Amino acid sequence: MGRSMRGLLAVVAFAAVLRLGLVGANFADLCDITWEPQNAAMTDGGEHLTLSLVSNISGSMLRTKKTFIYGSISTLIKLVKGNSAGTVTTYYTSSVGDDHDEIDFEFLGNETGQPYTIHTNVFADGVGAKEVQFYPWFDPTADFHNYTIFWNPSMIVWFVDSIPIRVFRNYASKGVPFPTKRPMYGFSSIWSADDWATQGGRVKTDWAKAPFVAEYDNMGLDVCECLSTDAECAARCNKDTPPEPSQLTKEQMRQLRAVQLGYTIYDYCVNGKGPVPPECSMPQY
């Protein structure tokens, strides 16, 4: 199959999967519990997962068995109900080792009645501090919502219920680090960060309400899987992964602008301290 045909199929799959919010195989097949397994539970044949935070040093973490460079990873999450101040529930991709790459969804808890913060970030070659944060336009504790990270050689897109909320474009040719060569795992976790997570650390965790439980349903991986060495994987995945889609559709652009205008609460390009990073003056969409 030619690269142009693979690109066309990638565009079709990108639009169809995100429109339908589909997720695929189960946690038992795809993942291992790598931290505090006693605080994790799988039911429904591995399709449903709970991760519990029981103390300030005892949460839980799940990691995919596969590593990959590029692809789409999705899951359904129902966040901690009630007073979740000081808790952080996550869904992200990350390499291991020095100068790591990482693409983040982090959900920062709050007092009862106050909104969660959806925290996004990206690291490339160990360079991060590219946070953009949003308030959700829905109650993320009342039902499951689909969170998807889409990553290809052109861009990274964060989706919530098939709606794009952020794009980070590949400007490596202009000196902006972009993840292209380090295989990543997919992770989900819950942990304590009451020194900073809620209102800058002003509101602490009420441990009398522990355990704090986040629920996940299914995980979908459509990725360029790493099968041997990191160098081989980087060479193969950069050769075989088409750069398309390299732009959002017109409808996705409309959705993204609506979210960014109505729900952004922090943007490192606008609110950050120090020199403005070069990518902030470059088109992202």
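Sequential numbering from 1, following the chain as shown.
Note: Cβ is positioned from N, Cα and C throughout, glycine not excepted.
Remember, TrEMBL labels are computer predictions, not curated facts.
Annotated features, as they stand in TrEMBL:
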type	residues	note
SIGNAL	1-25	signal peptide
DOMAIN	1-216	domain 'GH16'
ACT_SITE	E102	active site, nucleophile
ACT_SITE	E106	active site, nucleophile
CARBOHYD	N110	N-linked glycosylation site
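TrEMBL feature annotations superimposed on the structure.
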residue: E102; record: active site, nucleophile; Cβ contacts under 8 Å, 6 or more apart: Y92, T93, S94, S95, N121, V122, F123, G128, P179, M184
residue: E106; record: active site, nucleophile; Cβ contacts under 8 Å, 6 or more apart: V88, T89, T90, Y92, I118, H119, T120, N121
residue: N110; record: N-linked glycosylation site; Cβ contacts under 8 Å, 6 or more apart: S84, A85, Y116, T117, T198, Q199, V203
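Confidence annotation: the domain 'GH16' (1-216) carries a mean pLDDT of 90 in the model.
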